Amino acid sequence: MNIVVLVKQVPDTATERKLDPADSTVDRAASDGVINELDEYAIEEALLLKEKHGGEVTILSAGPDQATDSIRKALSMGADKAVHLNDAALHGSDALQTAYALAQALGTVEYDLVILGSESTDARTGVVGAALAEYLGLPQLTLANKVDIDGTSVRIQRQTDEGYDVVEATLPAVVSVVEKINEPRYPSFKLIMAAKKKPVAKLGAADAGIDTARVGLANATTEVVDFAAAPPRAAGTVVKDEGNGGVQIADYLAAKKFL
Amino acid sequence: MAEVLVLVDHVDGQVKKVALELLTAARRIGEPAAVVVGEATDGIKAKLAEYGAEKVYTAPAELDDYVVAPKAELLATLATDRSAAAVLLSATAENKEIAGRTAVKLGSGVLTDVVDITADVVAEHSVFGGAVVTHAKVRTGVPVVAVRPNAIAAEAAPGAAVEEAVSVELSDSAKAARVTERVKQEQGSRPELTEAAVVVSGGRGVGGDDFSVVENLADSLGGAVGASRAAVDSGWYPNAFQVGQTGRTVSPNLYIALGISGAIQHRAGMQTSKTIVAVNKDPEAPLLEISDFAVVGDLHKVAPQLTEEINKRK
Ligand SMILES: Cc1cc2nc3c(=O)[nH]c(=O)nc-3n(C[C@H](O)[C@H](O)[C@H](O)COP(=O)(O)OP(=O)(O)OC[C@H]3O[C@@H](n4cnc5c(N)ncnc54)[C@H](O)[C@@H]3O)c2cc1C
Ligand SMILES: Cc1cc2nc3c(=O)[nH]c(=O)nc-3n(C[C@H](O)[C@H](O)[C@H](O)COP(=O)(O)OP(=O)(O)OC[C@H]3O[C@@H](n4cnc5c(N)ncnc54)[C@H](O)[C@@H]3O)c2cc1C
């Protein structure tokens, strides 16, 4: 069971995140880069599956130089090796272009399963997994809160608005995870040290067979026309409950015509 | 005028409100054409006509036997055959996936979680937890746009709703991921979470699996019940009710948070609510920063008093 986990580096949600006025892409200098939270769940799931079924876990990340930090972190959780797709031509790629580039990069690795997060915390489009399955022509088993492998078949519980669907397919397949699936482990000191020596293959667009006319800001299928800081919410009223807090809310709701 | 395809969300023979919002948005761009997968009951067709659907394309329910790909094939085929001006869907987790695959097939682009849209398909987004507002458009091909429920007000306008059954020959790869079982959690009689005008959510501060303090307040306002991840993870309330980054995104007129601290992942799912009210015993809770009205106090005292007061004033 060889598994590739897709890991995106995103600006830390705990910091003030900004767009770069020059080209409306994420201002990476403004915040620390961290692993997209859900991708830690994807890594954990891959490690659990490896513990059960053997094989290797490979991290694949598309991003600039600083993505190396997130790749090392992923390796220190226990992944075996990594592929870093890094090429200036990819800067400013939108969600579908990113999925295309990742699909091409996957062509350089052997795998039975691709696992990714169901959504990033910065762009939050939630489309990369589905678009990837489309590009690869592989079964889409996304939004999983449970994954079981049996020989060459894979079965997941797909989280829905009403509950869950049981979905089955044959390997290879694309699986995305929601945070209900597991509890990501913390890297041990030993693994952190070991991660420093694990191989990280550098991949340029050409190495992955990526057509550079199909990626990057200039060729993006979407375009940010403008952006601005949201108008600040008018400072709200905060009152301390002196025994009539409920009545005070009712008065507020009545004034706002909710009652 | 070019057709604008609207994928219709429906359940138990009823159109979901978001579909009417999408038809309203579609009218700005062109001629709304509803796409219904599964049985288009008379009730569904009447509602679609009332909100301006000129056409109603119906496709067999079997498309739902497989994950996402069949609906993308349907929408991409229709968009091409009818030279559609745009494809609109609701921004649910599943529909965003359908949007992505449809756009790949069309060689176009996709915009998700949109909160407004203009006649020339420029879409407004609220990003980074509501801190930044962006406008974006699709540069190539038929734009595929997923719109957040409750973001655009539905307005009635009569449409012809001419029905046309469409058949799709599904590719093998569209049938690769089979749905073998559907498990539904009890929703009760309350309004659907993403559609509700009022949402009352409970967090860790509720303190246990007796959520009645939250439910009673929701019921007094005719609202839906939501929960933070802490409450869901503690097993106090079902998963389907989680609001936030990895739960549901809600945008009601009124959001009341009881005992929820307001972590960024929670705010990501409710920040675009029009009015936010919070009850929290901690004056430093981050949610208070984005609340229009907040009471610092014990929710087990404040919420029952509020419920009683609302019921009294009815
Ligand atoms: C505020 C903002 C809004 C945006 N809106 C849009 C939009 O509406 N439409 C659009 O086409 N683009 C949009 N983009 C661009 C888009 O975010 C990037 O192209 C991004 O690389 C992929 O989209 P995502 O993060 O939303 O992916 P998601 O689909 O949310 O991510 C799911 C998973 O895909 C994997 N993944 C995603 N990117 C990578 C990567 N680089 N390397 C490895 N794994 C990865 C991760 O496992 C992740 O958990 C937006 C960007 C920003 C900053
Ligand atoms: C990948 C990932 C995804 C996530 N997705 C989500 C998501 O979708 N939705 C989500 O909600 N969270 C999500 N989280 C979790 C999030 O980070 C927070 O942990 C969670 O929102 C906290 O829930 P809470 O506010 O109920 O609990 P806490 O943060 O513990 O806050 C409880 C609050 O209740 C108050 N309180 C306690 N007792 C009382 C009382 N008697 N009266 C009044 N107030 C009281 C306290 O002062 C406190 O502010 C996610 C986290 C990760 C890592």
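Here the Cβ of each residue, glycine as well, is placed from N, Cα and C on the backbone.
The model shown is predicted, which means the values in this text are computed figures rather than measured ones.
Taken straight from TrEMBL:
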type	residues	note
BINDING	B:ARG204, B:228-229, B:242-246, B:259-266, B:ASN280	FAD binding site
DOMAIN	B:4-181	domain 'Electron transfer flavoprotein alpha/beta-subunit N-terminal'
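The number of other Cβ atoms within 10 Å of the Cβ belonging to B:ARG204 (FAD binding site), over all protein chains shown, comes to 16. Proximity to chain A (Cβ-Cβ under 8 A) holds for B:GLN245 out of the binding-site residues B:ARG204, B:GLN242, B:GLN245, B:ILE260, B:ALA263.
Counting other Cβ atoms within 10 Å of each Cβ, the lowest count among the binding-site residues B:GLN242, B:GLN245 belongs to B:GLN245. Local packing around the Cβ, expressed as the count of other Cβ atoms within 10 angstroms, is greatest for B:ILE260 among the binding-site residues B:ILE260, B:ALA263.
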